[in-house]
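Before I ask anything, here is the structure I am working with.
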Amino acid sequence: MRRESDCVEEKAPATGDGGAECAVRARKRKADVATFLQDPDEEIAKMEMTRKKQYENQPSWNNVHKNAHMLIPTPDKDDDPVGVDYSQFIHLSVVPTRASPLPVLGWANREDVWKNMINKEETYVRDKLYMQRHPLLQPKMRTILLDWLMEVCEVYRLHRETFYLAQDFFDRFMATQQNVVKTLLQLIGISSLFIAAKLEEIYPPKLHQFAYVTDGACTEDEILGMELIIMKALNWNLNPLTVVSWLNIYMQVAYLNEFYEVLLPQYPQQIFVQIAELLDLCVLDIGCLEYTYGVLAASALYHFSSSELMQKVSGYKWCEIEECVKWMVPFAMAIKEVGSSKLKHFRGIAPEDLHNIQTHINSLDLLDKAQAKQAILAEQNRTSPFPTGVLTPPQSIPSQPASFDGKAACSEHGHRSFAASKVGMQWRARDVVLSSWGDLP
């Protein structure tokens with residue numbers, strides 16, 4: 001059956017104005033149908049052609065840059081704009097290019113891993129002048145606090161990484177604060193260790209154990225409150241690559257063979273402990289803040305090996321660590337005089353993990369000797385036209401298996417409680433010294 005519209009279209013030419021109107025309406029309807037059925041690709045092609053024609057009509061950069069040395073004309077303006085704040089660029093620095101010493105990894109690209117490690121040193125920066133923000137504090141107070149934290153780590157058999165995380169948290173937190181009084185130092189230190197233990201240890205000590213080791217100076221609520229303050233001040237950036245992490249990487253690369261990947265430690269434990277003891281002594285001195293963690297670890301390794309090995313495993317050039325190596329000389333001399341400690345055994349710790357447990361030596365006496373030698377060397381450098389040489393301690397012998405002394409008469413809990421109370425009393429004895437320093441100008 002024919003539709004009425006078809007009849008109108010056929011009769012349209014024979015009519016007058018009404019027929020013309022019907023013809024226009026019919027053509028419009030056909031155009032709409034054609035538009036609806038149009039290929040989308042053709043429409044996109046038309047749009048691209050229109051856009052190209054518009055760009056062709058615009059002036060080209062090639063017309064302006066006929067000469068490679070020709071300057072692009074710009075409006076007249078002052079060479080140094082007024083009102084520009086350059087303070088936002090103060091902390092920007094160029095990451096030095098260091099060749100990656102990592103072997104081929106089966107789980108990631110070694111260049112990407114190395115780049116992330118280098119970038120971490122630029123992200124977790126420390127302020128070497130933060131003590132100027134605290135006129136009531138002295139560098140010796142930081143030394144005593146970190147030495148006490150080492151004792152706490154040894155009592156609770158915490159890892160070296162835990163101590164160095166706490167040290168990093170403490171230094172970076174103090175750089176964000178002002179006018180901290182000496183009575184808060186122990187609370188800040190034990191709270192930093194509390195955070196580090198929860199991050200690093202599989203079975204961290206309980207909160208009441210951290211409060212107990214302070215001998216009543218810090219309550220559990222105070223530690224929890226300071227924990228939140230520290231993490232907020234650090235903007236929750238709690239994953240730095242510490243000094244001992246760099247040392248672990250360097251040692252692993254140094255003793256790497258073609259049959260193992262860098263998954264499990266393959267280096268001698270005794271040598272690692274000896275180098276770690278040198279770093280333990282160096283980190284007590286506030287002068288360590290002058291150098292990055294990677295440089296500190298590479299410099300310590302240099303004192304027990306050679307320049308060639310150090311450059312191979314760290315990617316540093318000699319000129320990049322020379323200053324730190326010379327700064328570390330008095331500390332290496334002090335360690336050499338007393339001799340390195342043997343590998344300690346701890347109940348409940350697997351033999352392959354013994355070197356990772358933080359130990360405490362007579363650090364304060366050693367530090368005094370090292371700083372005395374530092375003053376002597378500084379005086380010699382001022383009076384002598386020839387620089388003093390770098391003293392390298394002799395090569396360490398491989399570790400010998402030691403038998404575990406099982407004559408402990410007290411129970412595990414009783415032994416640790418006694419040691420913890422002893423550490424707390426030692427801190428209180430040091431607190432008398434801290435209070436006497438408060439009277440100094």
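From the backbone N, Cα and C atoms, a Cβ is placed for every residue, glycine too.
For reference, TrEMBL lists these features for the protein:
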| type | residues | note |
| --- | --- | --- |
| DOMAIN | 147-232 | domain 'Cyclin-like' |
| DOMAIN | 241-363 | domain 'Cyclin C-terminal' |
Mean pLDDT over the domain 'Cyclin C-terminal' (241-363): what is the value?
89
DSSP helix, strand and coil counts for the domain 'Cyclin C-terminal' (241-363)?
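Counting residues by DSSP class gives 79 helix, 1 strand, 43 coil.
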Can you tell me how the residues of the domain 'Cyclin-like' (147-232) break down into helix, strand and coil by DSSP?
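Going through the domain 'Cyclin-like' (147-232) residue by residue, I get 65 helix, 1 strand, 20 coil.
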